[in-house]
Amino acid sequence: MGWIDYAYWIALLPLIGFVLELFIGKYTWKQGGIFANLTILGSTIISIGTLIEVLGGARIDVSVPWFYQGIVVGYMIDPLAIVMLCMVSFVSLMIHIYALGYMEEDPDKSLYFAETSLFTCGMLGLVLSNNLLQLFIFWELVGLCSYLLIGFWWYKPEAAAAGKKAFLTTRVGDVLFLLGIILLYYNVSHLPEPLTFRYIFSLEVLEAIPPTHLTAIALLFLGGAVGKSSQFPLHVWIPDAMEGPTTVSALIHAATMVTAGIYLVARTYPIFIASPGALVIVAVLGGFTALFAATLGLVVNDIKRVLAYSTISQLGYMLCMLGVGSIVGAFAVGYSLFHLISHAFFKALLFLCSGVVLHGLADTRDLREMGGLLRRMPITAVTMLIGALSLSGFPLTAGFFSKDRIIETAYEYGVATGDYLPWIFILLAALLTAIYTFRLWFMAFTGEPRSYLAEHAHEGSK
């Protein structure tokens, strides 16, 4: 028995943390957070142990019967799953540790950690799922938790409205995803386990599905990804989601929620490969979203909204990579996942740094009221600069290597097919990304203070 045989605990531990935080969290040290941090630490340790075994060739796919013949519940560990599990658990752990200080004065601290534990559980369960029905259940749990956390400060009208907007907008994508599952089930209901990945992704099964149905299924799954990963035209909820705590923004943008849509396309990629027409739409939509969101990042002055639009743009890169990846086959998933992982780390860093800035400026988010923070918050300035360099794709940063591979593949796709549109979109988006990222950094940290709060700003530990 190895780590991989206990991988289901990766999702179960945060669920236990949710229950403990909900009922007894406020009676513990710091009045909340200890159970959430310990259980997610446990998930991280199991994920890393499982990763080591997967690198040695271990795989597992376990199913047990559920409520109907052929409908099962289970978990699966393969290279795609374990990379996502390690990222989600580790980045969530870092954000939870940060939140111990960030949410220290909040009277509902234990409720906050209960909800973030459930949020993390939902994302980890989604990744562990070995069938589409179970994945959809965790998909909906992630959506519910995002509603609760975005509107966590419910007494603020803006936060309450933002939570409802996120919930309703993502439901559009969820309905499309559900319709895709129903249509797929209609075509594969004769299989022993009709919604289990190891059955539905075989070449024989995919070839037996009518091409029109296959394209429709792929596009419906894409609709689900568009809603969850905030791609055009369902991107409208994510800027308003900044009304929640900054740690929630970091969780949504780096470790959970928005990465779920990219994971869905990556997990169901055999269906997209079997439907070339759908892949073209994926490539163009991802490239357009990357450029469109980058233009929006140029004109907003809210520090968190700039980062929100950058997330939409970077997710567009990942989606575009999956679309143009037909020329590199299965490597497309690896290249897209590479950018997803690098983005998770530098985006978490940027959001947590922005949280320090907000803390030091009494929650002021307007860049026009900042300036001169480099002298007052040097540690935050330097760490945020590191994140900005990676987001911009500065040479030798993780963002440079992951983004460069996507741009190169998009160009190769153009050479092979004559369609250079995705390449043009993401190339222009890369240029604009550098501009709006350093616009943010220079407006916040250089020059003279442009407000009383900026003059008296301080590091978060002071």
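Each Cβ is built from the backbone N, Cα and C atoms, and glycine gets one as well.
A TrEMBL annotation is a machine prediction, not a hand-curated record.
Quantities reported herein were computed from a predicted structural model and do not represent experimental measurements.
Taken from TrEMBL as is:
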type: DOMAIN; residues: 71-113; note: domain 'NADH-Ubiquinone oxidoreductase (complex I) chain 5 N-terminal'
type: DOMAIN; residues: 129-417; note: domain 'NADH:quinone oxidoreductase/Mrp antiporter transmembrane'
type: TRANSMEM; residues: 6-24; note: transmembrane segment
type: TRANSMEM; residues: 36-60; note: transmembrane segment
type: TRANSMEM; residues: 80-99; note: transmembrane segment
type: TRANSMEM; residues: 111-129; note: transmembrane segment
type: TRANSMEM; residues: 135-155; note: transmembrane segment
type: TRANSMEM; residues: 167-188; note: transmembrane segment
type: TRANSMEM; residues: 208-227; note: transmembrane segment
type: TRANSMEM; residues: 248-266; note: transmembrane segment
type: TRANSMEM; residues: 278-303; note: transmembrane segment
type: TRANSMEM; residues: 344-362; note: transmembrane segment
type: TRANSMEM; residues: 382-401; note: transmembrane segment
type: TRANSMEM; residues: 421-442; note: transmembrane segment
Secondary structure composition of the domain 'NADH-Ubiquinone oxidoreductase (complex I) chain 5 N-terminal' (71-113) [DSSP: H/G/I, E/B, coil]: 29 helix, 7 strand, 7 coil
Other parts of the chain folded back onto the transmembrane segment (36-60), taken as Cβ under 8 Å at six or more residues beyond its ends: 2-7, 9-11, 13-14, 16-18, 20-21, 25, 75-79, 82-83, 85-86, 89-90, 92-93, 96-97, 100, 113-114, 116-117, 120, 124
The transmembrane segment (344-362) vs the transmembrane segment (135-155): 3 or more CB pairs under 8 Å: no
Seg_contact(the transmembrane segment (421-442), the transmembrane segment (278-303)) with at least 3 CB pairs under 8 angstroms, min sep 6: yes
Beyond the flanks of the transmembrane segment (135-155) by at least 6 residues, Cβ under 8 Å: 108, 112, 115-116, 118-119, 121-123, 125-126, 129, 162-164, 166-167, 170-171, 174, 177-178, 181, 224, 228, 240-241, 243-245, 248, 251-252, 256-257, 260, 264, 267
Remote residues contacting the transmembrane segment (278-303) - C-beta distance under 8 A, at least 6 residues beyond either end: 215, 218-219, 222, 226, 231-232, 235, 239, 242, 265, 272, 309-310, 312-326, 354, 357-358, 365-368, 370, 410, 413, 419, 421-426, 428-429, 432-433, 435-436, 439-440, 443-444
Tertiary contacts of the transmembrane segment (382-401) (same chain, 6+ residues out, Cβ under 8 Å): 310, 314, 338-339, 342-343, 345-347, 349-350, 353-354, 357, 430, 433-434, 437-438, 440-441, 444-445
In contact by Cβ distance (the transmembrane segment (208-227), the transmembrane segment (111-129); 3 or more pairs under 8 Å): no
